[in-house]
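Worksheet: one structure, shown below.
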């Protein structure tokens, strides 16, 4: 009798454990896939309405897979540089939460062209998935080439969050003379291993290792392609890093790691600045820092 009872207990335990594993894997797969398909933010304005900036709607195709990308080209008379802007995760070319359009006005008035565009899977661009820099670096490299086709002036990359990290990994392979990286992470795989709950809403254990294992083959998100801390070692021009001291989404220590790896980098830490809120916190100081950096490049 006891042997039969024990067998039933063991069988029940096996069934329960199996169901728990299936549920955990299923939730991990669903969340991992969902994170690469954030809800698109619609454009709320344009440079003319917001800042009385003349602009042109432009489209170009990412050079590897021909994904159509949409953007705005804002030329400046007698331009000295061209700024190519890279937005953050789940955002679009206007990055309303920063906000960047007033800063684009400052760039324009200082004599800089501006190209801002939507990464794949964002805004009005084609593509179904966001890959947090893995494929976005192909988009950004294409944007640089497009900018050079519109103006021969030197190009500087300016990125926010995901766009900052993407700018840093793209820069060594692009024809650019500078990078402004606001709130980047240093290594996507290592960052997600610790901080994925910020984005997934799930506890690190047991979900994070499973999400990181099954998401890449399902979505094309390859974290190994997004390692700014390694890319900056191949950059021989000045880099401006910006980070809020109180950033709880991407800690300021991420930029500190990058600074140590990049001898020609400067880290500007803003007081009381949450994630990508350094500009909103003190626009004047931010503008002065960024414009001084750009002035030194020409």
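Glycine is treated like the rest: Cβ placed from N, Cα and C.
Automatic prediction, not curation, is the source of TrEMBL annotations.
These numbers come from a predicted model, not from an experiment.
Within the listed segments 9-31, 32-54, TrEMBL records transmembrane segment for the stretch 9-31. Across the domain 'Serine aminopeptidase S33' (79-193), DSSP helix (H, G, I), strand (E, B) and coil residues number 42 helix, 23 strand, 50 coil. Averaged over the domain 'Peptidase S33 tripeptidyl aminopeptidase-like C-terminal' (233-296), the predicted model reaches a pLDDT of 96.
Across the domain 'Peptidase S33 tripeptidyl aminopeptidase-like C-terminal' (233-296), DSSP assigns 29 helix, 12 strand, 23 coil.
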